[in-house]
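Asker: I'd like to ask you about the structure that follows.
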Amino acid sequence: RFIACPQLARTVRRCLQSGAGPGPRPLLLEFAPGPGIVTRSLLDAGFRVLALESNLDFLTDLQSLENSLDGQLKVIHGDFFRLDPLAKGALRPPAVSSDKLFETMGVAAVPWRADVPLKIFGIVPQHLERNRLWRLLFAMYECSSIYRYGRVELNLFISEKEYTVLTAKPGKSKIYQALTVLAQLGYDIELLHKEPWSSFATNLKNGGLAIPKSVQAPNDHLCLVRLTPQQNLFTGGLKPSNASTFIFMVKQSFAKPKSRLTDRLNSWSLDNSDTLLKALEIPKKASMCNLYPEDYKRLFEALQNSDMFAETLFHDEVLASTRTMN
């Protein structure tokens, strides 16, 4: 795991304070705080912090810090990326229930279009980083887990490689992916800060930095990225109840990103594809990697209204994909 240095902790504090008005700082959920370098900086800035730590080696010192304060810090043994597992029965730490977590924080659910109810900060582990981002995306589209409580804001350090994918433009077939389309539709993506890998310490036994290699995209930094769910995401035909179908439709579209949209529609047994594309003002020769994220949403909503299209077409694949992400 990567650990921020004291100088970087001050930068994180400044980024999270930006845009905040006068008065008491809001509650912040920090995951994997490690030795608490960023935690202390956030506490000094007046934030109330709930720290979710899975590593027992760090837990004792964090709990000592908690006991020295007057309720400004709450420490819980848990893993943010093991929230709400599908396993039946009572959860054993570090697995955590988001319901119990939000109850502990005293955060109530709000409507989707309301203000952000909670800010979350953490460094995403590089091991299975892409899978972790996918799982958060699934939860956001389905309004499950932390997103049952509203448009929870994520402030995450992710690799520059994954940030480049999240913000890629249509036509760049190597980095413009299903993850790109779904992230840009679902989140307002804001780059807060870029920091060289060398600014981070690690708790690896050899003391080295496990920097992932990348060929298609630059990967010289960790990027602090703010992901705020879009207020208007669930307008038109897209709803949490059919969002998993939409996700799979986009993922299947990028199985062959250079293939033509007409070919993809024909593979879905849609006989009136020419009429549909004309109504959407999408060129017949358009390839999957040239469509904008908004085009995919408009296409899905049009398909929902088509007599030739049924969600059952993707039913088994959607279930399998959802189980894999969880």
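Think of each number as a place in line: the chain as shown, counted from 1.
Glycine is no exception: its Cβ is also placed from the backbone N, Cα and C atoms.
Heads up, TrEMBL stuff is auto-annotated, nobody curated it.
Just so it is clear, the model here is predicted, and its values are computed rather than measured.
Annotations for this protein, taken from TrEMBL, read as follows:
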- Ile3, Glu53, Asp79: S-adenosyl-L-methionine binding site (BINDING)
- 11-205: domain 'Ribosomal RNA adenine methylase transferase N-terminal' (DOMAIN)
Asker: For S-adenosyl-L-methionine, with binders Ile3, Glu53, Asp79, what's the maximum Cα separation in whole Å?
Answerer: 16
Asker: Might you list, by sequence position, any residue in that chain lying six or more from Asp79 (S-adenosyl-L-methionine binding site) with a Cβ less than 8 Å away from its Cβ?
Answerer: Phe31, Ala32, Leu52, Ser54, Pro94, Ala95, Val96
Asker: Of these binding-site residues, Ile3, Glu53, which scores lowest on Cβ atoms within 10 Å?
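Answerer: If we count Cβ atoms within 10 Å for the binding-site residues Ile3, Glu53, the smallest count is at Ile3.
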Asker: If I take every residue in the domain 'Ribosomal RNA adenine methylase transferase N-terminal' (11-205) and average their pLDDT values, what number comes out?
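Answerer: Summarising the domain 'Ribosomal RNA adenine methylase transferase N-terminal' (11-205) by its mean pLDDT gives 92.
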